[in-house]
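Report on one structure; see the data block that follows.
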Amino acid sequence: MRRSEVLADESITCLQKALTHLREIWELIGIPEEQRLQRTEVVKKHIKDLLDRMIAEEESLRERLLKSISICQKELSTLCSELQVKPFQEEKDTTILQLEKDLRTQVELMRKQKKERKQELKLLQEQEQELRDILCMPPCDVDSTSVPTLEELKLFRQRVATLRETKESRREEFVNIKKQIILCMEELEHSPDTSFERDVVCEDESAFCLSLENIATLQKLLKQLEMKKSQNEAECEGLRTQIRELWDRLQIPEEEREPVEAIMTGSKTKIRNALKLEVDRLEELKMQNIKQVIEKIRVELAQFWDQCFYSQEQRQAFAPYYSEDYTENLLHLHDAEIVRLRNYYDVHKELFQGVQKWEESWKLFLEFERKASDPGRFTNRGGNLLKEEKERAKLQKTLPKLEEELKARIEQWEQEHSTAFVVNGQKFMEYVTEQWELHRLEKERAKQERQLKNKKQTEAEMLYGSTPRTPSKRPGQTPKKSGKMNTTTMSSATPNSSIRPVFGGSVYRSPMSRLPPSGSKSVVTSLCSGKKTPRAAQLRANKENLDLNGSILSGGYPGSTPLQHNCSIKSVASTYSEFSRELSKASRSDATSRILNSTNIQS
């Protein structure tokens, strides 16, 4: 049983006790029955009125709760629709009081969310409007009466963040451009003369409208100032170049140049004006010394002609170069020509430098070719032969590669400019081919001259006998060394010893290596001793005919056999080659005209 029911039973019991007590009092007093009935009616009426009032109050409470539930349900439905959230789900089997409490709590929560969203929307709108005012952007139409959704608030926050980033980037760009504009104006000595320039330079940075149009105008203004500054710098640099050229042409001494050095840097207006005054002064001085100036220009013209590989016809095409009528008009013609040539060289500088590199490599190649045909190169003592051979091999690889690179670059240039690139009056590759052909013809001519010379020499030897050929003078011997040499060389004849023939002249044996007799140990001892004999010095010189990998260079003699301790007897390569050639020619001649006298010296 509920406690309320127990209390109700107790109330009934209490009422019964009270009525019983009243009847007892009335009985003791002696109140008649009619008055007792009246008094009981009064008690009943009081109790009934009290209970009726209590019931009415409770009924009113129930009505209020039901009304509140209805109101909360309607408001909650509206709030869910505005906030775009799911409708509130009421719990089943709940009392009116609990339902009203739940609905009222949910309504308060929804109201709070609505208020927060509208407050955030208002704050974001204010921030956006402020940023749009700074960026000079039109306002964004947003219904401030409606409740924004969470997604709308998220997009709004992102939009405001984007505007803030745009503002910061434009502000930074504006500050940087402003600094550059101020520097350019100071360099140009230019004061702001328009309202926009004054807004940029003089007004507060925060008051400047950071619109795209203003930023574009700023960039345009900066470009104009930079272009003007570049023009001033180029003009000043041109004036300085002109001054230096005039100094050199007029041979102005250093003590006169020093006062002008102060204006040789910078591009401000006062410096530019000072440079113009100096140029005017030098031009006037140039007209007073026109002949010397023209001669100086002609020297420069000749240098540019050489650098541009002008042919003789191209040089002669500039007729004023050969005129001796030194007038102002002639000077102007020379000035115009030197400017044209300088520009022409600057435009094609890379190609001309490449051709110059090829020319230098070609001259070096011809020098190596000349040295290769010189027999005296084998007598060097500094190891230059090996170094030259390495450089020559390297040059033989790099020269064709350089020609191919230049050919590709020149072909590309000719396609771009629709004209031929000429060197000394002809196309570069034709020029290269001509140089190679001239080199081949020169080698052929030298070969024919050698053959003719050898033929004449052979005929002379057939008639008069051979003459000794000594490619290099043997160094003198000291008395001490000559004594030792006599003890060895006189005991046995060396293969290279010369013998006087019967008919006059000298006849040489074939150079070869011969081991000494087993009993002649003194030969090996003298050749391989620690002391440097002239013969040993010649042996060391002949070792330079060998390459690092053991191969024989041109003119070398591969047939020698090394003795003990690498001591060998070699003849000079050019002497042996001439000897073998003469011997082979003599063997084919008539027997009567090729008698070779020989005398054997017994050891």
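Each position is counted from 1, following the chain as shown.
Heads up, the Cβ atoms here are built off N, Cα and C, so glycines get one too.
Record features (Swiss-Prot):
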REGION    1-341  region 'Dimerization'
COILED    34-65  coiled coil
COILED    96-136  coiled coil
COILED    211-246  coiled coil
COILED    272-304  coiled coil
REGION    342-466  region 'Spectrin-fold'
SITE      ARG377  site 'Tubulin binding'
COILED    383-463  coiled coil
SITE      LYS387  site 'Tubulin binding'
REGION    447-502  region 'Disordered'
MOD_RES   THR470  phosphothreonine
COMPBIAS  484-499  compositional bias 'Polar residues'
MOD_RES   SER510  phosphoserine
MOD_RES   SER568  phosphoserine
MOD_RES   THR575  phosphothreonine
REGION    583-603  region 'Disordered'
COMPBIAS  589-603  compositional bias 'Polar residues'
MOD_RES   THR599  phosphothreonine
When counting C-beta pairs under 8 angstroms to the coiled coil (211-246), the leading stretch of 34-65, 96-136, 383-463 is 96-136
Secondary structure split (DSSP) over the region 'Spectrin-fold' (342-466) reads 106 helix, 4 strand, 15 coil
Long-range Cβ list for LYS387 (site 'Tubulin binding'), cut-off under 8 Å, min separation 6+ in sequence, same chain only, gives none
